[in-house]
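Below: one structure, written as structure tokens.
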Amino acid sequence: MYPTKEMDIRTERKENLQQKLIKLKEEKNAVILAHYYQEPEIQEVADFIGDSLELAKKAAQTSAEIIVFAGVHFMAETAKILNPSKKVLLPDLNAGCSLAESCPPDAFREMKEKYPDHMVVTYINCSAEIKTLSDIVCTSSNAEKIINSIPQDKPIIFAPDKNLGSYLMKKTGRKMLLWDGACIVHEAFSLDKLLKLYKENPSAMIIAHPESEDHILKVANYIGSTSGMLNYVKNSDHDTFIVATEAGILHQMQKDVPNKILIPAPAKEDNTCACSECAFMKMNTLQKLYNCLKNEEPEIILDNDLMEKAHRPIKRMLELS
Ligand code: SF4
């Protein structure tokens, strides 16, 4: 495709906005934390790019007065819980998460009450209210370590992701009571299309996030968190990979391994990019990011008592990881 005048104008506009954002960030002593699933033009202006665990750690360490979280709502909430006195902004308050929403607090409280002797481990992809009902939080990077740190005779409830939960049961040999939640993006991969793609690329390694369904994990050569997948691709001798997680990760991955071939795992539904994208993550745009830092809104506001209770299980996770 030849560059058109329209493309030049779009690039110029993007670069102008990025420069204005960088200037504004310095003036306001703000930090931009961006998840790997964000659009490349957002990742380019971020101070830190990472997965949930890396960003939670960065949020805990920052000395900036304002945190702009380019990610989804539960991530910005976690940043606020770790920094109650700071201003935490999210470019679009509607950027939710299907997995977090699959675990409503009232129903979860009811389940917890039925099993009072169980320890509650929750994946970080849940609301602040669910975190207040948890003993310890985990991410896909540290979940195995956290489950293994719990005494063998202590029964466990794991929420909200049943796919990650059943993967962890296999890895750790622990039986756990699983909440029936899932992420629509990681459940959107088509096994048939994946196998067809593999047939066309027989030397490819299939790598998958543990939020994916069991039949996808069964054919994967490597299963790991977002950062785990990035490291795997960097250190592997192979040169072609089929990547089963949100397609936004491909931007950072390709930067790390410019000479390797990366193919997004195909989704069941046909869409414009033929891959799986998180519509919630993509609600944030460069323009919304700029507007939110300029106007210092939308801001994440949480009740002090809720923040205090939700902080305990996150603190336990950070101490263990
Ligand atoms: S990819 Fe899934 S788990 Fe991640 S933010 Fe989107 S909906 Fe939530």
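Placed from the backbone N, Cα and C atoms, the Cβ positions cover glycine too.
Keep in mind that TrEMBL annotations are predicted by a computer and have not been checked by a curator.
For His35, Ser52, Tyr123, Ile124, Asn125, Ser140, His209, Pro210, Glu211, Thr226, the entry in TrEMBL reads iminosuccinate binding site. According to DSSP, His35 (iminosuccinate binding site) is assigned to a strand segment.
Per TrEMBL, [4Fe-4S] cluster binding site is recorded for Cys97, Cys183, Cys278. Taking Cβ-Cβ distances under 8 Å and a sequence gap of 6 or more within the same chain, the neighbours of Cys183 ([4Fe-4S] cluster binding site) are Cys97, Ser98, Leu99, Asn125, Asp161, Asn163, Glu211.
A mean pLDDT of 91 is what the model gives for the coiled coil (7-34). Sequence annotations record features per position, and here TrEMBL assigns coiled coil to 7-34.
The CA atom of His209 (iminosuccinate binding site) is located 14 Å away from the CA atom of Cys278 ([4Fe-4S] cluster binding site).
With a CB cut-off of under 6 A applied against ligand 1, none of the binding-site residues His35, Tyr123, His209 are retained.
Note: Cys278 ([4Fe-4S] cluster binding site) has non-local neighbours Tyr37, Val72, Val185, Glu246, Gly248, i.e. same-chain residues 6+ apart with C-beta under 8 A of its own C-beta. Secondary structure from DSSP puts Glu211 (iminosuccinate binding site) in coil. If you draw a 10 Å sphere around the CB of Tyr123 (iminosuccinate binding site), it holds 29 other CB atoms from the protein chains shown. For His35 (iminosuccinate binding site), the same-chain residues 6+ apart in sequence whose C-beta sits under 8 angstroms from its C-beta are Ile49, Gly50, Asp51, Ser52, Leu55, Ala70, Gly71, Val72, Met75, Gly248, Met281. Residues His35, Ser52, Tyr123, Ile124, Asn125, Ser140, His209, Pro210, Glu211, Thr226 are the ones the record ties to iminosuccinate, and the longest Cα gap between any two of them is 17 Å.
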